[in-house]
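What TrEMBL records for this protein:
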type	residues	note
DOMAIN	B:175-357	domain 'FAD-binding PCMH-type'
BINDING	B:207-213, B:276-282, B:289-292, B:341-347	FAD binding site
SITE	B:R392	site 'Important for enzyme activity'
BINDING	B:R488	substrate binding site
ACT_SITE	B:Y551	active site, proton donor/acceptor
Amino acid sequence: MASKTLYADPRLKKRDDFEDILEERRNSSDLRYALRCYTPLLYKGITPCKASMLKTTVLKSDHVHYVIQQLSKEMGESPDIIKEEAAEILEEMAQSLQLGIIRFFAFTLSKAFKKLFQRVKVNEEGIQRLQQAIQEHPVVLLPSHRSYIDFLMMSYILYTYDLSLPVIASGMDFLGMKIVGEMLRMSGAFFMRRSFGGDKLYWAVFSEYVKTMLRIGYAPVEFFLEGTRSRTCKSLTPKLGLLNIVTEPFFKGEVFDVSLVPISISYERVLEESLYAHELLGVPKPKETTSGLLKARKMLGDDFGSIHVYFGHPVSLRSLAQKKINRSNFNLVPRHIPRKPTEDIQAFVNNTGYRMVRLQQENMVVSPWVLIATILMQDLPGVDSEYLIEKTAWLRSLALLFGAFLDWPDHVPTSKVVASSVALHHNIVRNVNGRVVLIDEEKPNDNSSDDLVFKKAVTVLMCASYRNQIMHVFIRPALVAAAIHTVCNARKEEVFSYFNFLRELFANEFIFTPGNAVQDFEDGCYLLVKCDAVQILKQDFVVTETGQSTISFLVAMLRPFLEGYQVVCKYLSEEVIEGFTEMQYVPAVRIFAVKMIISGSLKSYDVLSSDMQKNCLAALLRLNVLRKTKLADQITIKVNQAAVTRLVDALDGKTPVQKAALARL
Amino acid sequence: MASSSNISELQQNAKERLRIISGHLQKPANREQLRVSANECKAEAADRSLEKTGTIPKRRQDILKWNGWGYNDSKFTFNKKGQAEFTGKRYRLSGMVLPALREWFEKTFGASLEHKTPARSALDPSEVPPPILNEGFVQDLKGTAIPFSCEIEDRIFRAHGHCLHEVFALREGKFERVPDLVVWPNCHNDVQKIVELACKHNICVMPFGGGTSVSNAVECPSDEKRTILSLDTSQMNRILWIDEKNLTAHVEAGIVGQDLERLLNESGYCTGHEPDSMEFSTLGGWVATRASGMKKNIYGNIEDLVVHIRMVTPRGVIEKSCQGPRMSTGPDIYHFIMGSEGTLGVVTEVTIKIRPIPEYQKYGSVVFPNFDQGVACLREVAKQRCAPASIRLMDNEQFQFGHALKPQVSSIFTSFLDGLKKFYITKFKGFDPNQLCVATLLFEGDREKVLQHEKQVYDIAAKFGGLAAGEDNGQRGYMLTFVIAYLRDLGMDYYVIGESFETSVPWDRVLDLCSNVKERIIRECKEKGVQFPPLSTCRVTQTYDAGACVYFYFAFNYRGLSDPIHVYDQIEHAAREEILANGGSLSHHHGVGKLRKHWLQETISDVGLGMLRSVKEYVDPNNIFGNGNLL
C-alpha cells in the first residue's frame, strides 16, 4: 500500500501516515474478505456475555431495580408492570450484534465504497494504539459526525483490522426503516430516543445498558459527541448525556480507567451536501426510509473523492480526572442509586466533551477544495482562475503555518490541483471562460425572486460547508485579527476585551473550551506573529506591511458570521414588538433576510442557514439580550431592545465592549 | 472434610498451633534479675497469684533480631543446595526445607540468588546520634530507682517499628533521631512518677510496647529538641487478678499477646484476641491502636474485649469508677484512649474479657473457581452471621505464594495424593489454576457445634462453586501470616522489598477495590521505573455485617533503582489514594501513626479533627507525649 506523509506543524504532535484500505479491496475478492476468519483481541477483563444475557443483566441490576421500586411507590403501579415496561424499552433499544450481518455489510459496503470513493485512508498507527487500548481498558470511540456513512465506516474499518466491533448509540429514526433498522441493530447499533428528559425509567434502563456494556468490556462503545450530523460541517458543541453515562463507572470505581478515543472522519465530498443545504434552508429532512435509501442508489454513479479516518491517541479518563475529581465523593451513597452529577462533575464532563471535540478537529484532514471554497466565499459569485490558483497557493502556506492537516498531492502543480478539485465539485462550481463561478451564476444580477434566492442559497451554503471545514484552524487568529481591525487602539488589553466579546458571542458557533479565553487569545496572537502579520511591541499590536492582506483575509472570513448576527439583531429591533415564539423565529428571520438580499442591502447568504439562526438565538439568550418567559403554556421570547442596541454598537465597534478580566494576560 | 479417623491428628495440629503461639516458655538464659524492689507495686498486686514470667526481656536484643523481624534464631535462608529453609525450632516450619520457594521467588520477582544485598552485620555506634540528656530529669529519675538506660543498643532498638523504610534504615541506612533514654517502669505507680517528672522537666515521652508498629508510630520526630524518653512497658507484664464470676482479667498493659494467652491458659481461660503480631505486640499497644484479632468473629475486636482502662496522662490518671458492661454516660471516654496511639498518655492496666478455652479447634479450606465467587461466598456467610472464628480469602497470587511454602513431602504417598487433588480440581472440576482462590477457615468451640458449623459453612460455599480443600491448606494459610514478616527479611537479602497494608470497605465495593488497587500498584511500578513486574496481591481477612477487611501484600525487585525506598513510598501512597477513592477506609487496624496522618483530615472531617485536637490540648497541653502520631 502506498503511504504519504502529510505536513505537520512542528509545534503540534507528529501526525501518522495514512494507508488506503480500498486498495486491497480493489485487488482481491470481496467475498473472501467478508468470509475471512475474524478473531479480534478482546479486553483483558472481559466477562463473556451474549447480547441476550446483557438484557437480563440490565433488568436485574440494582440500579434499574431501585428505580422501578421508586416509580412503583410514586405512581401506585405494581412493580411488575413497570418492570415489563422496562423490558419493552430494553427490547426497543438493545443491539444484537451478529457476525453474519457484519459479513454481509463487509461485502456490500466494499462494493459500495469502491464505487463511491476513490480512497478510504486510515492511519494504521492509530489502529495499533486502539488495539492496545481495547485490551487494557474499556474503550469509548468518539468519531466526528458529518454523514450517515460515519458509523458504517467505523465498523467496516474495525472489521478490516480485526478489532472488536463497537456497539453504537444511534437515533431512533433508523428504526423507522423496514429491515434496514433491524440490520443495523444486528450490526451493533442500539437505539436511543432523541429526548427522554423526564422519563426516569427510560433514563435508568438506557444508562444502565450502556454502563453494563462498558463495565464488562462487552465491546467498545461508540457514540457521536456532537449528537447529530453537523449539517454545516463545522463541529457542533458536545452533547453531554452519553459522556456523563460512560464516565460514571470510572468515578464510582467500577472500572480502573476508560480510554476515550477521538476519531476524525473527513470527507473530500460529503454525500449529503445538497440535502444538508436544503435542510438548512427549511426544507424538512426526508424521513429515513428504506425506499429512500434505495433511491439514493443513483449516487453510486458519482465520485465522492477520498475519506480520511484518523484514530487519535486514546485519552485516559483517569489522567484527565486526576486532581480534578475526588472520587471519594461517591462513597456515601450506594452506587446504584442514581444521583444528579455534582457541579464539579458537570464542569469536568463538559470540559472533557470540548476537549474531545477539539481533538477531533485537530486531526480533521483538509482537502485543497476547502481552501478554494474559502477563497470563493469571499468573492462570490466567482473569481478568475489565475487569481484563484495564486490565492490558493498563498492560503495553502498560511493554513500549513497555522497547523492545518492538509491533504495536498505531492509533485502536482497548483493549477492541476485546483482544476481537479473544481471538477470533483461540479455540482457547486464550474470553470466558465477562465473564471471559476458558482453554478447557476450564468445569469448574473437576476436575483429578483425568492425562488432564485433560494436556488442560489443552496449552492452558497454547500460552498460554505467546505469553508467551514477549515474554520477551526483560523478561528482564533481570525478573532484576534477582527479585534485588531475593529479596536482603533491597538493596546493588548483592548484587543483582548474585544476578542473575548466575540468569543463569547460565537461560543455556540465555534468550539471554544470553556474558561480557556486567555489560552485561545494567546494561541491566536502566536499564529499571527508566526505568519508575520503582526508584531507585538511591548503591549501594542503593530500590523506589518505584508500582514495587512492576511488580516483583511481573516476578517473577511469572519464577515458572513458577523453579518449574520447583525441581521438577526436588525430583525429583532425592527420587526419584533412584543415577543416571539421559537417556532416563529426561524421562518421570520429567513423572510427578513431574503428581503434584505432582494433589496441589495445584504450580500452574504450565510444567515439564511437555520443553523446560524439557532446559534445566534442561543447566544443572545445566553448573553441576556433575549429572555424566555412562560405565558399560558407557551414559551415566549422577549427582547431587551436596549441590549440589542448595545450589541449592535459593539459589533460595529462604535462603543467599547466591557472589559474582561485581564489579570492573567 | 475430616473423617473421624484423623480427628486425633487434628487435635494434635490444634495443640501444635497453640504450642507455636505459646511455645516460647524457656526463660532467656541471661535474663536480668529485677534491680528494683517495687514495694508499692507488690502491695498493689498483693493477691496476685501468678508468677512473673515475661517472654521479652529488658534487653530485647538478647532474643530478638536487631535489624529484622522476630527471633534471632528464626529466619529463612537458602542453603548450600540453593534450597530455602527456615531455621530454628520455634515454628512448625522450623528446620524444614521448602523446595518450591526458590522457584516461586525467582519467577515472581525476577530475582536471582546471585544478586545479593546483605545487611550490615553490626550496628555502627558512630552512626547513632548522641543522646540529648536533661540533667535535672536524669537526677530525679535516679532518685526513683526505676531502671533506665542510655546505651546505644537499647536506644536504637526502640527507635523503630517494622515499616519497610525503618527496617531498611537498620540494614543499610541511619536514623536521624533516636530515643535518648529508655526507662522500664515496673507498675502503674512507676509510670505515674515518670510522667510527673517528664512534665516537671518538659521532656518528651514515647510509650513503647512490642515495637511491631507498621505506621511509623514509634519513629522519633526528627525535629524534637527535648530529651526523648522511650517508656518501655515490657516489665509491666503481670496478670493482677482473674475474676471467674464475671469472666474478666485485670492485666498490666505491657504483657505481650503470647504471654497473656499462655498465662490465662494455665487457668483454663483465653482472651481469644490473636492479632498476627501477637508473639510480640502488647495489650497496651492493642488498646492504643484499636487492634483487631484473627478470631474476632467469636471474641470481638479490642473495643469489644475491653472492660476497663487505666491510663496515666500529664493531667493525671483517667479511668472509670466501675466495670459495668455497658454505660450511657456521654461519649465513651475509653474511645478517646483506644486509637490515641500514645499521644495522650500511657495505658498501664486493662480489664479484659476472658473465655474458657474452647474444647475443639479445626482448620479448613475451600477452593473457589475465582475470586469473585469467593467474595460472594464470604458475603453470604456474613449475611447469615455464621462466620467461623476466622475466615479469610486469598486471591490467586497469594494461593500460589502459599503453595511455595509447602515443606518437602515426606512420603511418595502424600505427593501422589497432592497430585490427585490438583488433577481433580483443575481437570475434573475445570478450575483455572491461574484463577482459582482459596478460603481458609478456623472453627472453634464445642466439638459437636464445630462440626455442625463446619457443615453449614461448606454448604454455603458449595452454592458458590466452592470445593472443600482440606485442613492442611487452611493451616498453611494461617502459618503464612506468622512467617510473612520473616520472608520479607529474606527478600531484602536479594533486592526484594515489600510491605503489607490494609483497609476496610463495604461489601459492594470489595471486588472493585481489590482489582483497582492491585492494578494501580502495577501501573505505578511501571511508571516509577521498576524493572520487574511487582507482586500485588490481596486477601479478605475479616468479615463484618456491613463490609470486610482487605489486606494487600505488595513487593518488588528493586534492581536498577537508585532510591528504592522513595519509590516504594510513592507507590504505597498512590495505593492508599486508590483505596480511599474506592470507598476504603484509611485503616482497619494498623492505625494512622505518622505514615497515614496526611489523610486523617479528609477521613474524619475538619470538625472531627478539631475534636481530637481539643482533647489533646486539654490532656497534654505541653505535648509531653510528643510522638507526633495521628494529629
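Our numbering is plain: 1 for the first residue shown, then up by one each step along the chain.
Backbone N, Cα and C atoms are what each Cβ position is placed from, and that goes for glycine too.
Note that the structure is predicted; figures quoted are calculated from it, not measured.
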Assigned conformation of B:P207 (FAD binding site) - DSSP reduced to three states: strand
When distances run from the Cα of B:T343 (FAD binding site) to each of the recorded positions B:R392, B:R488, B:Y551, the nearest one: B:Y551
Euclidean distance between Cα atoms of B:Y551 (active site, proton donor/acceptor) and B:S281 (FAD binding site), Å: 19
B:Y551 (active site, proton donor/acceptor) and B:S277 (FAD binding site), Cα-Cα, nearest whole angstrom: 15
Using Cα positions only, nearest of the recorded positions to B:R392 (site 'Important for enzyme activity') (B:P207, B:V347, B:R488, B:Y551): B:Y551
Other CB atoms, at most 10 A from the CB of B:Y551 (active site, proton donor/acceptor): 22
In three-state DSSP terms, the structure that B:V347 (FAD binding site) belongs to: strand
Among B:R392, B:R488, the one of these recorded positions whose Cβ has the fewest neighbouring Cβ atoms within 10 Å: B:R488
Rounded Cα-Cα span from B:Y551 (active site, proton donor/acceptor) to B:V347 (FAD binding site), Å: 28
Number of other Cβ atoms within 10 Å of the Cβ of B:V347 (FAD binding site) across all protein chains: 31
Sparsest Cβ surroundings (other CB atoms within 10 Å) among the binding-site residues B:P207, B:G211: B:G211
Rounded Cα-Cα span from B:G211 (FAD binding site) to B:R488 (substrate binding site), Å: 17
Cα separation, the residue listed as 'active site, proton donor/acceptor' to B:P207 (FAD binding site) (Å, whole number): 27
Secondary-structure category, per DSSP, in which the residue listed as 'active site, proton donor/acceptor' falls: strand
DSSP-derived structure type at B:R488 (substrate binding site), helix or strand or else coil: helix
Residues near B:A291 (FAD binding site) in space but at least six apart in sequence (CB under 8 A): B:H273, B:P275, B:S281, B:G285, B:N301, B:I302, B:H589
The residue listed as 'active site, proton donor/acceptor' to B:G211 (FAD binding site) - Cα separation in whole Å: 21
